[in-house]
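Enquirer: Next up is a structure, given as structure tokens.
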Amino acid sequence: MNIPTPHIEAKKGDFAKTVLMPGDPLRARFIAEHYLEDAVLVNSVRQMSGYTGTYKGKRVSVMASGMGMPSMGIYSYELFNGYDVENIIRIGTAGALREDLHLRDLVFGIGACTNSNFAAQYQLPGSFAPTASFPLLRKAVEAAEKREGLHYMVGNLLSSDTFYSDSNLDVNWRKMGVLAVEMEAAALYMNAARTGKQALAICTISDSIVTGEATNSAEREKSFRDMMELALEIAPE
Ligand SMILES: O=P(O)(O)O[C@H]1O[C@H](CO)[C@@H](O)[C@H]1O
Ligand SMILES: O=c1cc[nH]c(=O)[nH]1
């Protein structure tokens, strides 16, 4: 695909092989400002901030995906197909669907169920199971094991088209063992599958659909930082 793309103004080579993708452009800026050395702004189209710098000597990029599968679908497609990006690690927030998942716990999405129609474009004679990159997932679990006091689970995410739902059907997914609900992982995993690239979604539990608890802003910053640091540590160069 030709670059610049309709949504990314960066030049060839501006992105590192690995891009960390939070939904929130301000979380992308926070990572660039707090963790990256010599961070350069490589995209600001639609204020979907993208930066490239180094973390402990390793070249890495961070760029926001926006919210929802259509937005993640656009950005991950353009990064994989236009900018030679090999790995995208989503670093997001998610709502717990189980009582044994607590605020600030991390979830590594080994798979991502979805209620979206994103997969219809592939015209498959059945349903597709979007899954994480095993090498990235294994690195994430190994890194999580080394972090003292970090609680995490590995399992299915639900990538939902709705944050506010009229029917509240998202909770039915917990009958199938789905751990938490967010809004982008399935699109990312499908774009990675289609291009033969690597993707992983790491989410911090920011609230619970079961208990109604939610983190406050100070707690969120600390727990977000665990997720950010873990993703930066495992990012392949
Ligand atoms: O915190 P981020 O990465 O944006 O992820 C979650 O938060 C947003 C909803 O508040 C959705 O994008 C959802 O997936
Ligand atoms: O998509 C999301 C993200 C956080 N919490 C939710 O309930 N849904």
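These residue numbers are counts, starting from 1, taken along the chain as shown.
Here the Cβ of each residue, glycine as well, is placed from N, Cα and C on the backbone.
Among the features that TrEMBL reports, domain 'Nucleoside phosphorylase' is placed at 18-228. Per TrEMBL, phosphate binding site is recorded for G23, R27, R46, R90, I91, G92, T93. The active site, proton donor annotation in TrEMBL covers D207. What TrEMBL records for R220 is site 'Important for catalytic activity'.
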Enquirer: With respect to ligand 1, which members of the recorded positions G23, G92, T93, D207 satisfy a Cβ distance under 6 angstroms to one of its atoms?
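Expert: G23, G92, T93, in sequence order.
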Enquirer: What subset of the binding-site residues G23, R27, I91, T93 lies within 10 angstroms of the residue listed as 'active site, proton donor' at the C-alpha level?
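Expert: Neighbours among binding-site residues, in sequence order: T93.
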Enquirer: Between the two most separated Cα atoms in G23, R27, R46, R90, I91, G92, T93, the residues recorded as binding phosphate, what distance in Å do you get?
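Expert: Taking every pair of listed residues, the largest Cα separation comes to 22 Å.
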Enquirer: Report the member of G23, G92 (the binding-site residues) whose C-beta atom has the most other C-beta atoms within 10 angstroms.
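Expert: The most densely surrounded of these binding-site residues is G92.
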Enquirer: Using CB under 6 Å from any atom of ligand 2, narrow the binding-site residues G23, R27, R90, I91, G92 to the ones that qualify.
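Expert: None, as no Cβ falls under 6 Å.
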Enquirer: For a quick check of understanding: among the binding-site residues R27, R46, R90, which residue's Cβ has the most other Cβ atoms within 10 Å?
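Expert: Sorting the candidates by Cβ neighbours within 10 Å, the top entry is R90.
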Enquirer: For T93 (phosphate binding site), list the number of other Cβ atoms lying within 10 Å of its Cβ atom.
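Expert: T93 (phosphate binding site) is surrounded by 21 other Cβ atoms within 10 Å.
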Enquirer: What same-chain residues, at least 6 away in sequence, bring their CB to under 8 Å of the CB of I91 (phosphate binding site)?
Expert: L20, M21, P22, R27, I202, C203, F224, M227, M228, A231
Enquirer: If you draw a 10 Å sphere around the Cβ of D207 (active site, proton donor), how many other Cβ atoms fall inside it, taking every protein chain shown into account?
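Expert: 18, counting other Cβ atoms within 10 Å of D207 (active site, proton donor).
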Enquirer: May I ask you to report the DSSP-based helix, strand or coil state of G23 (phosphate binding site)?
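Expert: Going by the DSSP assignment, G23 (phosphate binding site) belongs to neither helix nor strand, so it counts as coil.
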